[in-house]
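Enquirer: Pulled the feature table from TrEMBL, pasting it below:
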type: BINDING; residues: R345, D369, N370, P371, R372, G423, E427; note: meso-2,6-diaminopimelate binding site
type: DOMAIN; residues: 79-278; note: domain 'Mur ligase central'
type: DOMAIN; residues: 301-425; note: domain 'Mur ligase C-terminal'
type: MOD_RES; residues: K191; note: N6-carboxylysine
type: MOTIF; residues: 369-372; note: motif 'Meso-diaminopimelate recognition motif'
Amino acid sequence: MIIEKNINYKGKIFKILTDDTRVALGNGVVKEEVLLVRSKQNTAFVPSDFPQGNLIESCDLGKVLLDSIPGENPRIVGITGTNGKTTTAAIIYSLLLDLGYKVALLGTRGFFINESTIKPKGLTTPSVLELYENISFAKAKGCDYFVMEVSSHAIIQERIAGLEFELKILTNITSDHLDYHKSVEEYRRVKNSFFESEGLKLINADEKYARCRDIKAFYYGVEKKGHLSVGAYALESGIDAHIAWRDNKECSQESCALQTYLYGKHNLYNTLAGIAAVKILTNKPLCEIAQAMENFGGVSGRMEVVHHKPLVIVDFAHTHDGMKQIFESFRHQKIAVVFGAGGDRDKSKRPKMGACAFEYADKLYITSDNPRSEDPSEILQDIASGLPKECERKLVVMEVDRKKAIIQALNELQESEVLLILGKGDEDYQIIGNNKIYFDDREVVREYYKG
């Protein structure tokens, strides 16, 4: 990345700030006007004799990109977890906006400030230089808060180096990205390492793999009691619950009703995380925060209702645990599911996804996701290897063409059933080989019912 602006660092003025060593070294000669950001990702490409005066460590970027802007830095809220990051971040963003704060949101869906889109979709957590540039932009716009998703890749690659978080949040830890982290134990270690500092943290009390010190820790839970807890709740048509907040045993309890249009128990967790975070950050009355939840309509591609009667839902769930959470939301209905698994990614999760779908669904349509360089048929076979040998009692369809699979599922869908189309959410493309082609699950459904 290249930022062209005057940068004052250690008494010297630079015209370009970059993390690209090719920009800093023109024909092997150091360009004096360039300040190079050294990060964990590019350090192997920085020559040992590179002038120290032209180097800035990634953890020091705040000195040149934030300190030069007058005013207070936005308070940074980071959300990590296998599932729920995007929805939880969006809830916090929405609630803070409704409560009158100026807020930035950065994550899988893009970069937003006060309901305006600044940048389209990108990495869950961008490079450290782009991240600091985004925060400095938010500061210049007068943002009170900067809400961001934090991926496991970003943690281990130190893309959040030097950031001071006002609050860190854990949604859950299952397993994902084992193609990168190599073992579930390493993946859990990386996720938990985000919470090693003594700053404020908010943890899912029901997450058995969460490991953090209780210093400045707040908890929310459904099964276990936390600072924010749930009494009775119903999930039939959205979320209808009674919630209670208590700072500590000496404080009096606040309680109120909660109603949202979100579906599923997993969204109950996401909602609790969002409400608890805003309570910690603002200390606003619980009822005022809960009431603002009624304005939150959900996140595109996350439990998105595309059609009613019969009910058709599109969701991003792409791990067996994410799928299980969706299925649990409709366990009292007959379920049809369309799903696949990404190519050139963690292969170990494929049979688990197949087994999970077989456990919950009555009709399985196994199809392509983003096969990338892999043979789509082989990916489908990997998924099917998780099914029992004898599975005649359920409909299992293997169809490489995702559009055909969705249309067949719609043709065979009964009004009493729910169709879950999982894996891609609001993605509007498929990656097949080296080609990125336009494709949107939701559009296929809408065109089907339109015609």
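Backbone N, Cα and C atoms are what each Cβ position is placed from, and that goes for glycine too.
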Enquirer: For the motif 'Meso-diaminopimelate recognition motif' (369-372), jot down how many residues DSSP puts in helix, in strand and in coil.
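Expert: Split into helix, strand and coil, the motif 'Meso-diaminopimelate recognition motif' (369-372) gives 0 helix, 1 strand, 3 coil.
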Enquirer: Across the listed meso-2,6-diaminopimelate-binding residues, R345, D369, N370, P371, R372, G423, E427, what is the farthest Cα to Cα distance, given in whole Å?
Expert: 17
Enquirer: Within a 10 Å radius of its Cβ, which of these recorded positions (K191, R345, R372) has the fewest neighbouring Cβ atoms?
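Expert: Each of the recorded positions K191, R345, R372 was scored by Cβ atoms within 10 Å; lowest is R372.
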Enquirer: Roughly how many angstrom lie between the C-alpha atoms of E427 (meso-2,6-diaminopimelate binding site) and K191 (N6-carboxylysine)?
Expert: 25
Enquirer: Mind tallying the domain 'Mur ligase C-terminal' (301-425) by DSSP state, helix then strand then coil?
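Expert: The composition, in the requested order, is 40 helix, 30 strand, 55 coil.
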Enquirer: Per residue, counting other C-beta atoms within 10 angstroms of the C-beta, which of the binding-site residues P371, G423 reaches the highest number?
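Expert: Going through P371, G423 one by one, the largest Cβ count within 10 Å is at G423.
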Enquirer: Looking only at the domain 'Mur ligase central' (79-278), report the model's average pLDDT.
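Expert: 92, rounded to a whole number.
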Enquirer: Going by DSSP, is E427 (meso-2,6-diaminopimelate binding site) part of a helix, a strand, or coil?
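Expert: Once the DSSP labels are grouped into three classes, E427 (meso-2,6-diaminopimelate binding site) ends up as coil.
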Enquirer: With an 8 Å cut-off on Cβ distance to the R345, D369, N370, P371, R372, G423, E427 Cβ center, who else from the chain surrounds the meso-2,6-diaminopimelate site?
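Expert: Filtered neighbour residues, in order: G340, A341, G342, G343, S368, K424, Q430, I431.
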Enquirer: Any idea which of the binding-site residues D369, E427 has the thinnest Cβ neighbourhood at 10 Å?
Expert: E427
Enquirer: Do you know offhand how many angstrom separate R372 (meso-2,6-diaminopimelate binding site) and K191 (N6-carboxylysine) by C-alpha?
Expert: 27
